[in-house]
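All remarks here apply to the structure that follows.
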Amino acid sequence: MSRYLHSKNVLGQSLFQKINECRVLIIGAGGIGCELLKNLAMSGFLQIELVDLDTIELSNLNRQFLFQKQHIKKSKAKVARESALNFNPDMNIIAHHANIKDSQFNVEWFKSFDIVMNALDNLDARRHVNMMCLVADVPLIESGTEGYLGQVTVIKKGISECYDCQPKPLKRTFPVCTIRSTPSQPIHCIEWAKSYLFSQLFGLPEDDDDERLEAEMTDENANEIDNLRRETQALKQIRAAMGTLDYPQRVFKKVFTDDIIRLLRMEDMWKNRKPPVPLIYEDIENLVTEGDSDLNYIEDYNMLKDQRIWSLAENFVVFLDSVRRLSNTLLKKHISNPNATLLFDKDDQDALDFVTASSNLRSIIFSIDVKSQFQIKAIAGNIIPAIATTNAIIAGMIVFLDSSRRPRVLVSESLTSPNPECRVCNNTHIILRVNTRTATLRDFLEKVVHGQDDDEMDINEVTVEEGGRILYDVEYDDNLDSTFEQLQITDGKLVTVKPEEQSTSIFAISHRENFETSNIWFEVEGTPFVKNQISHNDSAHKRKLEESEFDASERSSRKRPAVEESTVEVVSDDETISISREGIYEHEIYENGIREKNKVYNIDDENIDKEVIKDDKKENRIWGIIVID
Amino acid sequence: MHVDKKTQKYDRQLRLWHANGQTALETAKVCLINGTATGCEILKDLVLPGIGSFTVVDGKIVDGSDVGNTFFLVPDSIGKSRAEVVTEFLQELNEDVKGFHLPENPIALIENQPEYFLQFSIVITTNIPEKPLLKLADTLWNAKIPLVVVRTVGFIGYFRIALPEHTIVETHPENILDLRLDVPFLSLKQYVKTYNFDTLDSMDHGHIPYVVILLKYLEQWKQDHDGKLPSTSAERNEFKQLIQSGKRNADEENFDEALSSAWKACTATKVPRQVEEIFKDSSCENITAESSNFWIIVRAIREFVSNEGLLPLAGSVPDMKAYTSGYVAMQNIYRQKAKEDISIVRVHVHDILTSIGRSIDSISDDEIDSCCKHASFIQVLRYRSLQEEYITDPKKSDIGRWLRDSQESIVNYVLIRAMDRFYESHNRYPDAATFFLEDDAEEASEEARSEFSTLKTYVNILLGEWDITNYPEHLDNYIHEICRAGGSELANIASLLGGMVSQEVIKLITRQYIPINNTIVFDGVKSTSSSYIL
């Protein structure tokens, strides 16, 4: 019997064929990703690309079944691919051990997929993929699990809500003085140990501590902020002694004795609070040498050890030892890279020991509840419980999606329309193909932004940003003559242009090396600043209306036209040239066409609107081509 | 120092069911009958979190279609014992788990040696026909071993749990808050008296724990209202205004916390109805030497309630705006009272144990503590047996009612039952799949029509047995779909069902969280699932 008999029986021949040919991108090879890869493989999906930047950890093995002990520290994407191919060698899986935000994953690459599936574990990457899929107009299936709960939804530009249509809860933050001077809850001490002490001792030496302190300075706390700044400086000096025998002891005395004694002198601070009690190194050392009975944990490899609360002496011993261990690790790294630093990682036992012991010692000083390592790990690492069962259900749901009226265990809801106020999906998304090595910001503003609008958009009224930094506004024109490359606007970057009145446009940059020689400066796909563009807007809007009237099946059959249909005809006076929309063949053809003929093209507008922009001054020069979506 | 590997490996799930749940899992012996695609998915999701052992009973030899829908199987597996190869692959997923296999026909085994299955802590069956299933169900029911019956065909998934009784202490409710604001105990009352709101400076006033604020104003309210709590919504608003009037400035978060919990303070603390029902249960009434620990502790708690009027205090206090010292003091008061309550319950437990001739340390203090702490949320599930469902007491009128609603998934259950009847007389499942393949399901051939009408006959027989006279029109589509599937298992439905079933199995084994009662039907065409008590 054939391997695919079951699938063919149930799905039918033609649907099964479609599935075979469908190009799928899976982002994340973790709990959901592993299950998803298996389910897609078993359902007959054969063309899969998989991206994950992580390596395999022991704590993954309770659910990520494509990985085993011998794979620890290897690339998740690569091992997942190998394991899956063992089971189904027919598949064509391309694995990338990389960050999905890397420039190689530009919008053209996203566009090459029929569907994108998120199996991610963090907000930042989810937002990025959401944006790229909106720009590329590729459907995205977004999913997540937490303990026994999970969810799946479909994001399709203009039809359903995007990931950012609903505001996401913000991460909890604490005032710097609470963390540094007046902690009152375990989480304050954990935050201090993880974000302050760890990074001061082992992280980037020039961190933003000063800035953070500055930002929170008020009239009342100016004095204390000043003290804190000095405290950090003093700690930095101690750091220079890293690797010496008494280094752990010096750190201990600094942060658990001297700094606390200094705090105690701020009498006002303790009027309404219980004053802290500094720890005395020698006293605890005596306790340890006298043989604290609780210290037997060192031999006792009891399963519940990390769920037990450690005594003062235990915290003391673990603190000194973990400082020693982390110092050694860092110094070893310095041999190959003098600027190496350590990052807190909840699954790194040394770092976790350090944070547990330091935060508990601080808790003891401030009469705060002491926590077990198990609890501290959850708080410091933002741990989300995770099990195989829920991932299996959710991954299963990703492959079958629909909605209904009376659900029970699996609650399904109808997809909600996009939020008209959403600042992410309500923008216009444009692909800008340009030679980033030669094009300058001025070119971009004058030819693309200004030239786009019939009313001649005033470039004095726009702000240009990339990744949160401002590149240009009316009062900041320093970058105008820098090239895109000099400004680090390379392949895959998203440039935001905010006019004062019209809607924001997001330009996804796609580098075109050949444009330099071809006399073409840029090519735009999409209509920027849509809201104010009456002529373009009308037709674009009309098209959208028509589209929304299709029923689901019609839409899906239209979604991916065969290759011939996606080819547009560009007709010159005496020549017809075919261009694929997929971004693969264009420049060759343009290059030939333009170099040889130097003429303005007539556009055969059967499938797609195209508009050629001519340079007013030089008759024969073509500024660019706009493909109107 | 190193945390042992096991804790590290299971870290993410220990956060759900803790060490006691993990221990239960690691001592569980799971039996799977038939290593089908769905069966393998279920075991995969149980082997990964670390069950003690599993045994696959399966007499089948692997063929090409098994390789097509079971991820673990490779073309080389064809021709080998399915029990053996799936065990080998499943075993590789987790070295902590022991895997066994028995390459025997399970139907014959059930027929000749049903006591074989009594060694397991739970038995999961996939694709077992009606007759042997009922015999197995009987055997396990009498031994109080949970049975999970699983079926997948085409886009349809089904599973059913059967077990005489399942008691749960750790149901993991979202919130186990029990503050006794309406009926403060003595030490709490005394603590509240130590606060004189009027003399506190603004710093201290802004740090009064909200529990104290509520108790203070509730006391005042009761004095003015013959000792009664605010009951109508008008009274509750009035009570809120009373609290509001005590707020000195807009920044006092502790007063905001008090206001947002004011409704809670007005709700009378009492024994929840479902716990009262459990107290009345005959297992609670008649404690014998055979009674489980659960029932002995619950009986002890009942004694406690009949003396004290309320359940033992849970003893936890939520986070709130307060000085650390004030918060800790209050926490200690609640903890202390909870400890006192537990020690009274413990005495009752020991009395009961002595009276039935068991040693007083045969129930651990931890078990008593946990039951007292979760007393408001304990659950007792009593399942219906397959015997009742199939023979002695089918839910005729419910099925008839559900069938009339075309949105219900019950129709899939009817189809699975009819499919079993088909199997019983033909020794194969209805299969028109090959007749559809060529022109993609539109034009059914003569053979396909014949399969369709045979299956429809069995559907009608079943409906007749259930006294359902109106044949629901939408049934025809489903019959067609089952014939088209030809008994096929779709890998993806298998995976989804595997996740759902293993999730319930973990709940049953760990005795944590509340499992489904008793049937789930998943309809992959509509992507809906429904639960039914059948």
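Cβ atoms are placed via backbone N, Cα and C, with glycine included.
Annotated in TrEMBL:
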type	residues	note
DOMAIN	A:10-399	domain 'THIF-type NAD/FAD binding fold'
BINDING	A:28-33, A:ASP52, A:60-63, A:LYS76, A:121-126	ATP binding site
BINDING	A:CYS162, A:CYS165, A:CYS422, A:CYS425	Zn(2+) binding site
DOMAIN	A:432-506	domain 'Ubiquitin/SUMO-activating enzyme ubiquitin-like'
REGION	A:533-565	region 'Disordered'
COMPBIAS	A:538-556	compositional bias 'Basic and acidic residues'
Among A:CYS162, A:CYS165, A:CYS422, A:CYS425 [binding-site residues], residue with fewest other Cβ within 10 Å:
A:CYS422
With DSSP as the yardstick, break the domain 'Ubiquitin/SUMO-activating enzyme ubiquitin-like' (A:432-506) down into helix, strand and coil residue counts.
15 helix, 24 strand, 36 coil
Interface-adjacent binding-site residues, chosen from A:GLY28, A:ASP52, A:ASN62, A:ASP121, A:CYS162, A:CYS425 when a CB lies under 8 A of chain B:
A:ASN62
Most Cβ neighbours within 10 Å: which of the binding-site residues A:ASP52, A:ASP124 is it?
A:ASP52
Write out the long-range same-chain contacts of A:ASP121 (ATP binding site), meaning residues 6 or more apart in sequence whose Cβ is under 8 Å from its Cβ.
A:GLY28, A:GLY30, A:GLY144, A:ILE384
Given the binding-site residues A:GLY31, A:ASP52, A:ASN62, A:ASP124, state which is nearest to A:CYS425 (Zn(2+) binding site) when distance is taken between Cα atoms.
A:ASP124
Cα distance, A:ASP124 (ATP binding site) to A:CYS165 (Zn(2+) binding site), nearest Å?
15
Report, in whole Å, the straight Cα-to-Cα distance of A:CYS422 (Zn(2+) binding site) from A:GLY31 (ATP binding site).
30
Neighbour tally for A:GLY28 (ATP binding site), based on other Cβ positions within 10 Å of its Cβ:
28
Extra residues within 8 Å (Cβ to Cβ centroid of A:CYS162, A:CYS165, A:CYS422, A:CYS425), Zn(2+):
A:ASN130, A:LEU134, A:GLU161, A:TYR163, A:ASP164, A:PRO418, A:ASN419, A:VAL424, A:ASN426
In whole Å, how far is A:CYS422 (Zn(2+) binding site) from A:ASN62 (ATP binding site) when you measure between their Cα atoms?
38
Three-state secondary structure, A:GLY31 (ATP binding site) (per DSSP):
helix
Quiz question: given the binding-site residues A:GLY31, A:ASN62, which has the greatest number of C-beta atoms lying within 10 angstroms of its own C-beta?
A:GLY31
Using C-alpha atoms only, work out the spacing between A:ASP124 (ATP binding site) and A:CYS162 (Zn(2+) binding site) and round it to an integer in Å.
14
Inter-residue C-alpha distance, A:ASP52 (ATP binding site) and A:CYS422 (Zn(2+) binding site) (nearest angstrom):
28
Going by DSSP, give the three-state secondary structure for A:ASN62 (ATP binding site).
coil
